[in-house]
Amino acid sequence: MAEPESSTAAAGAGGSRLRNAFGGVLCAFTLLLIGVLAFSIRLFSVIKYESVIHEFDPYFNYRVTQFLSKNGIYEFWNWFDDRTWYPLGRVIGGTVYPGLTLTAGTIWWLVNSLNIPLSVETVCVFTAPIFSANASWATYLLTKEAKGTGAGLMAAAILAMVPSYISRSVAGSYDNEAVAIFALIFTFYLYVKTLNTGSLFYATLNALSYFYMVCSWGGYTFIINLIPMHVLLCIVTGRYSSRLYIAYAPLVILGTLLAALVPVVGFNAVMTSEHFASFLVFIILHVVALVYYIKGLLTPRLFKVAMTLVISVGLAVCFAVVAILVALVASSPTKGWSGRSLSLLDPTYASKYIPIIASVSEHQPPTWPSYFMDINVLAFLVPAGIISCFLPLSDASSFVVLYLVTAVYFSGVMVRLMLVLAPAACILSGIALSEAFNVLTRSIKCQLAKLFDDSPAASGDSSAESSSASTSSTNSAKNENRSEKSETAPKEKPSKKNRKKDKEVAESIPAKHKKEKKLLVLPMEASVMGILLLIVLGGFYVVHCVWAAAEAYSAPSIVLTSRSREGLHVFDDFREAYAWLSHNTDVDDKVASWWDYGYQTTAMANRTVIVDNNTWNNTHIATVGTAMSSPEKAAWEIFNSLDVKYVLVVFGGLVGYPSDDINKFLWMVRIGGGVFPHIKEPDYLRDGNYRVDAQATPTMLNCLMYKLCYYRFVETDGKGFDRVRGYEIGKKHFKLTHFEEVFTTHHWMVRIYKLKPQKNRVRGKLKKLKSGSKTSSTIAAGRKKNPWQ
Amino acid sequence: MATQPPPPRRVAALLLVLVLVLVLVLVASASASASATSADLVVTRADRRVDLTSHIVRVLTSLKVENIGPEAASQVLLAFPNVQAKNLAAIRAFGMEGKVKGPSTVLPIEVVQPSGVPPELTFFSASLSKALEKGKILHMDVLTVFTHSLQPFPEEITQAESQLVVYQDSAHYLSPYPVKVQTLSIRLPGGRVESYTKYPNTKLAESELKYGPFEDRPPFSYSPMVVHFENNNPFAVAKEVIREIEISHWGNVQITEHYNIVHGGAKLKGEFSRIDYQSRPYVRGVSSFRHLIARLPPRAHSIYYRDEIGNISTSHMWSDSKKTQLEVEPRFPLFGGWQTTFTIGYGLPLQDFVFNSDGKRFLNITFGSPVEEILIENLIVKVVLPEGSKDIDVSVPFPAKQWKEVKYSHLDTSGRPVVVLEKPDVIPEHNLYFQVHYRFNNISVLREPMMLITGFFLLFMACIVYMHTDLSISKNSPSYLAKVQWDEVQNITQQIQAIFERCLALHDKLEASLRDLSRSGDVQSCKAARKAADAQFKELAKELKPLLTSLHSSPQSYQIWPKVEDLVAKERELQEKLMARHSTVVDSFEKKLRGQDVENRIATQQQKVAALRQEVESLLEYINSSRFPVDNPEAD
C-alpha cells in the first residue's frame, strides 16, 4: 500500500507540498478503486445466478419498498398490512426500521426522475453493494482519524472484502444490515472526528448520522451504549476535555430526540434500559465538567472543600436518579430490556425463555470455524493492531480498541453480530498492517541509504570518523537538497484548500519520527522477509475473500443449484410454488406455512399469510406450530378457524435439501408447546432422539407435518428413502382425510395442500342431533384441543 | 359441481336450442330470401374443410359462384349465424374468375346489413374487383378462423382424464344463395371421437369426418351437426399480450412481450399429484401442456425469459439462419384453468427491420406474437420510436384501434413517441407485417451522449471552481484574518527553511571540497570552492533578511519567532566555525603540514561543528513540525 506520508517524511519541505498533492490524488484514486472493489466483489451472485432478491427478510424489505415507491411516503407511514398475520394484520409503518426502504426508495425516485428506467427490484438488488462501498470509505475516514491515512486505506481495502460483511451485503441481499454497517461506521467516524476537533459542526452531523442509523437497524443500541462507555473510559483515565463534552452531549440530546421520531423506536428511546447508560453517562459527564470548571475557578484549597461538597451532593442526586430508574425498570417484567438485548447480556436467556429467538439460526453462538470463515487472517492481525493502538494511546485509538472488545463479546453471543465485529477487526488489522509496513519499509530505506552512503565513504579517506547515524543524517540532508533542486518547488501560492489538505496529510507525521527512524532499524533481510510474508498473508486473505464471495455467500437461497456430470442443475422450486400460488389461487386466499416462508409468500405470491418472519406475536406462531404438530383433524380445525385455505410445507427429502420443515419441526413443537401445553416435546422424540423412521413415535408419525411432507412419497422409489435424514420413513402408505394435494413442485421441495371443504350434512335431522350433542361436549372438552373455540 | 346436469341431457338441450334457432332462421329466411340477394347468384359447388386439430378452428370454404341473373354482380354475400360470427377472428376471401385456375386476388371484405335479412345472421360481403357478368363463374376461397369454438365438455376433468370438446356447425353450408353441390370434411386431431351427428351420407374415417355431398339445397339451409371428440392439444390462450417494440438507432430493435397465459381447455378438478404427473406424464396430465414454442426472427440476440419474480430457467433455444426457435417452459405445467405470466425479451438487428424510403424511415415488423398456436384475446402492440421522431404514420393490414403515447426512458427530455395498436382476438393468421413510417434526424442520436458529456463537464468544472474559490462568508472576521496570517507565516517559514537547507547543503559542499583536498591536494580548487560558497552565503543572507523582518512583524509568529532567531544565530555560528576550519585546513595544506597535525588542529573545531550542525538540524525539524498545529493526537 502506498503511504504518502512515509515518502513525505523523507522529502524536503519544498518538495513535500507537491508530494502531498500527489499523495492526495493517489489516495483519492485508491479510495475510488477500493469502492469499485467493494461494489464489484458483491456482484458474484448476479453473475452466477441472476439479479434477484435473496433469502427471507429482503423480500419483505423489497415489498415495502415497492409499496413506498407506488404509494408515497405518507401512505407508507400509515400502511396497515392486512396480508400478513391474518387476522391480526400488521402496522408496517410503525414496526419497521424505515432507513433501508427510504434509502432505496429515494435512490429509485432520483434515478427515475432522471428518466433512467430502473425497476424497484434492480435498485433494491444493488443497494447493498453501493453501501458497502460507502462503508469502506467511512472506514477509511474513521481509521484515518485514529491512525493516519495509510492505516485508513489499508482498513478500507480490508473492509471492502471482509467475508463477514459480504455475507450480508451481496447484490440482492437487501437487508437492513447492508446500510446499517455504513451508518454505524460513519457515526463512529463522526464521533471520533468531533472528539479530535471539538467542532460542533461534526457533533451535529454525528447526531444526524446516528439518526440514520436508528432508522436503519435495531443495532443502533450498540452505538448508544458504546459511545457512553468510551466517554466513561475517557473520564476515568483522566482524558476529559471540552472536546469530549462536545462530542458526547449534543449526541445524546439531539440523537435521542431524533431517535424518538422514528415510529418503531418512539418512546423506547427514553424508556427502555438499552438507552439508560447514555443518560447516566450524560449526567456523569456534566458532573465532571462542573468539577473541572470549578477547579479552574478556585484555588486548590478551596477546590478541595468544594470538591467534597459537589461529590456528596452529586452522589446523592445520582443515587436518587439511579434509584428511580431502577424502580421504574424493575416494575417491568423484562426489566425494561427487549428479548434480543437480554439474550445478548445473558446468552442462555433465549434458549431458556424465548424459543422463537433461539430457533433462528443466526441467533446461535458462532463456532470457531465461523470466525475463521468470516474474518479469516484478521483474527491474527487484530492483536497487533491493538498493540499499535496503545503506541501512543489517543482518544481515537482507545475508542477503536473499546469498539473491538465489545464487538468481540457480542459476536460471541450471536453469529449474526459477527457483522459488527467485522469493521472493528478490519480497522485494527489495517492499523496493524500499515504500522508493520511502515516499520519495515522505513528500515529498508535506512539500510539502503546506509548502503549507498557507506560505499563511497569506504573508498574515500578515513577522515569520515563521524558516527554512522550522523552520516546517514547528512546523507538524508543531501537527498533533501537534491530532491529540492530537481523538483523546483512550486512557488505559486497554493489555495487554502490545498494547503489544508497538505496539513491533513502531513499532520499525521509526528516530528519524532525522524529520530525514531534512527532507532527502529531492522536488519535488511528481516524486513524484506517481513514484507514478503505480510504480502503473502494479504494474498491469502484476498483469495479467501474472493472464494467466500463467489462460492459461499453468493447463493440467493431461493434458487439452488447443484453441479452434476451433465452440468448445472437448477432447483427453482420455491418460485415455482409461489408463482403457482399467485396465479392459480384466489387473491384473498389465506396460506398457512411455517413463519420462515411468510415474507416470501406475501412478496412473491401476494397471498395472505398467517405468520411471517416478523415474529411479533408468539401465540400466533405457536398456533401454527400446534396445527403442524397436531393430527390431521385437529389441524384442520385450527386452520379452518383461521380461514386458511392452503397449507404450504417445504420438503427436502427427495432431493436432499436439508433446511426443510421436517428438520425445523422440533421448533414448531417447542414453540407450539410453549403456549398450548397439550403439545409435548417428548411425544415426538424416541428416547430423546428426533427421528421419522420406523422408530419414530406414533404422535410424530400422525402429525400433520409428517403427513403433508411424506404424502405419497413412498411411490417415488417404492421404499420412501429420505435423502436428508438418510433412512426410510416410518409410515409409508397413508391417505389424507382433511387435506388434498393441489400442487407439488418439480423437485417436491414445496408441497401445497388445500383444506377439504366441510362434508355436506346430508341426513339433516339425525346428524344435527348428533353434532349438537357433540359440540356441546367439545365446548367443555375441546378447549385444549382447539385453541380457537 | 352438484348442479351440473348429466351429459346426455345437456347435449339434448343444446340441440334443442339449435333447432329452435334453425327453425327461426328458416322461417325468417323463407320470407326474406327474395329480397336478400340483390343478384341472382348460385353456388354451384361448396366444399368446406374444417380443421379442428388445434384450439383455433380454421374453415376453408371453396365456392364456385355462378351468376345466372341478368345483372352483373359486384359482391358476394357470406352469411354466418351470430353465435359463430362473434367468435370469428379472421376472414379472408380470394377470388378468381374463369374456369381455369389462375392468380387469385384478395377480395376486400366488410360487414353488411342487407335489408330484410333475419337478425340472427351476420353478413359479410366480398366485393369483387370486377363485376361478375351473367353466366360467368367465380372461384372463391374463403378462409375463416374461429376462436372459442371448441367447448370443453365435460367442463371439468381430473388430472388423468383427457380433454373432450364439442364442436358445433351446420352440416349444410349456410348461404343466402342456393347451393347445388356441397361437401363438408372435418379434420380431427385423432384419438377418441365420442359422438357425432349422423346424416345419411356421413363417414368417419381415421381422423376425418365427412358429410355430404348434399345436393340442391335452398338458400339459408341449416342442419346442425355436433362432434364430440378428444383434443389434447395445448389450449394456450393469452388473456393479454403487451408487445413493446423499441427502436434504437444505435442499431437495435428491442422487443419485450408480456404474456398472461391461461389454459383455455377443460378445468382441472380435484388434486394435482406430482407423483402421477412425473411417473406417467403423458397419461396423467395428458390435457396439460408444458411448454410453448416461439419462432423468433433470425439473428435475435440477448434473449431473456422471466416473470415478475425473476428469471425462469426452463427454456431452450435453437437458432439457424432462417429463424430462432425458443422453447419456453412456464414455471409449472399448465392444466385446464391454470394461468401464469411471463415476459420474453429479445433484441433484433436494426437493419433487418428498419428501412429508408425517400427521406422517411419505416419499421416493417410482424404484428402478432411469435408463439405458435396461441390465441391472444387482447393484443397491445406498442412501437416506441426514438426521441425526436416526427411525422408518424402507421399502416396495419387489418383494423386495429390505435392511439399515441409518450414514454420517458434513458435520460429522455421530451419523451419518445409511442404508437399503440390494440386488437382483440389475435391469432397466428394476424402475424402480418405492418409498417410505421416516421422521420428521424441522425443527429438526435447523439443527444443523450452529449447531454452526459456536458453534465460531467459541468460537474468537474464546478468542482474546479469550488476548489479555487474562497467561500468564506466574512472576509474580516478575526478568525479569518488569523487564518490568513497563519497561512502567511507558514509560507515564510517554509521559505526560511528552504534557505537554511541550502545553507546546510553549502556546508556539505565545503566539507566535500576539504575531502577532495585531502585526496588530491589541489589547494586552488578548494579555494575556488570556498570563494563560491562565500558568495552564495552572502546571497542567501540577503534573501533571508526580508523574510525574517516580515516574519517578525507578523502577529501569528510569536510561537515560532524565537526558534527562528535561535536558528539564525546557530547557523551563523556554524558557518563561522566551518569557515574557520576550512581556512585552517587550507592553510595547513599550503604549509605542507603532516596530516596528523592538521587533524589535531581541527579536532576541536570538528567537534563543535558537528554539535552545532546537530542543533541546527533539530531546530529545523522543530520548525517544520510546528508549522502544523497540534490537533493531531500523536504530535504532542
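Each residue, glycine too, has its Cβ placed from N, Cα and C.
Unlike curated records, TrEMBL annotations are generated automatically.
Features of the protein shown, as given by TrEMBL:
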COMPBIAS  A:479-506  compositional bias 'Basic and acidic residues'
DOMAIN    A:588-647  domain 'STT3/PglB/AglB core'
REGION    A:460-508  region 'Disordered'
REGION    A:764-789  region 'Disordered'
TRANSMEM  A:21-41  transmembrane segment
TRANSMEM  A:91-111  transmembrane segment
TRANSMEM  A:123-142  transmembrane segment
TRANSMEM  A:148-166  transmembrane segment
TRANSMEM  A:178-204  transmembrane segment
TRANSMEM  A:210-233  transmembrane segment
TRANSMEM  A:245-270  transmembrane segment
TRANSMEM  A:276-294  transmembrane segment
TRANSMEM  A:371-391  transmembrane segment
TRANSMEM  A:398-415  transmembrane segment
TRANSMEM  A:421-440  transmembrane segment
TRANSMEM  A:519-543  transmembrane segment
- Item | Surrounding residues of the transmembrane segment (A:245-270) on its own chain - C-beta under 8 Å, 6+ positions past either end | 77, 93-98, 191, 194-195, 198-200, 203-204, 206-208, 210-211, 214-215, 220, 224, 227-228, 231, 278-279, 281-282, 285-286, 289
- Of the listed stretches A:91-111, A:123-142, A:148-166, A:210-233, A:398-415, the one with the highest count of C-beta pairs below 8 angstroms to the transmembrane segment (A:178-204) is A:123-142
- Confidence over the domain 'STT3/PglB/AglB core' (A:588-647), expressed as mean pLDDT on the 0 to 100 scale, is 89
- Taking the transmembrane segment (A:148-166) as the first stretch and the transmembrane segment (A:91-111) as the second, find out whether 3 or more Cβ pairs fall under 8 Å, excluding pairs closer than 6 in sequence. no
- Which bits of the chain, at least 6 residues beyond where the transmembrane segment (A:398-415) starts or stops, bring a Cβ under 8 A of a Cβ in it? 142-143, 146, 188, 191-192, 195, 222, 225-226, 229-230, 233-234, 237, 239, 343-344, 347, 361-366, 370-371, 382, 385-386, 389-390, 421, 424-425, 427-428, 431
- Stretch of maximal Cβ-Cβ contact with the transmembrane segment (A:21-41) [cut-off: under 8 Å; candidates A:91-111, A:123-142, A:210-233, A:421-440]: A:123-142
- Of A:91-111, A:123-142, A:210-233, whichever stretch has the most CB pairs under 8 A to the transmembrane segment (A:421-440): A:123-142
- With a Cβ cut-off under 8 Å, give me the same-chain residues at least six positions beyond the ends of the transmembrane segment (A:123-142) that come close to it. 31, 34-36, 38-40, 42-43, 46, 51-53, 58, 61-62, 65, 100, 103-104, 107-108, 111, 152-153, 155-157, 159-160, 165-166, 168-175, 178-179, 181-182, 185-186, 188-189, 192-193, 400, 423, 426-427, 430
- Message: For the domain 'STT3/PglB/AglB core' (A:588-647), how many residues does DSSP put in helix, in strand and in coil?
- Response: 33 helix, 10 strand, 17 coil
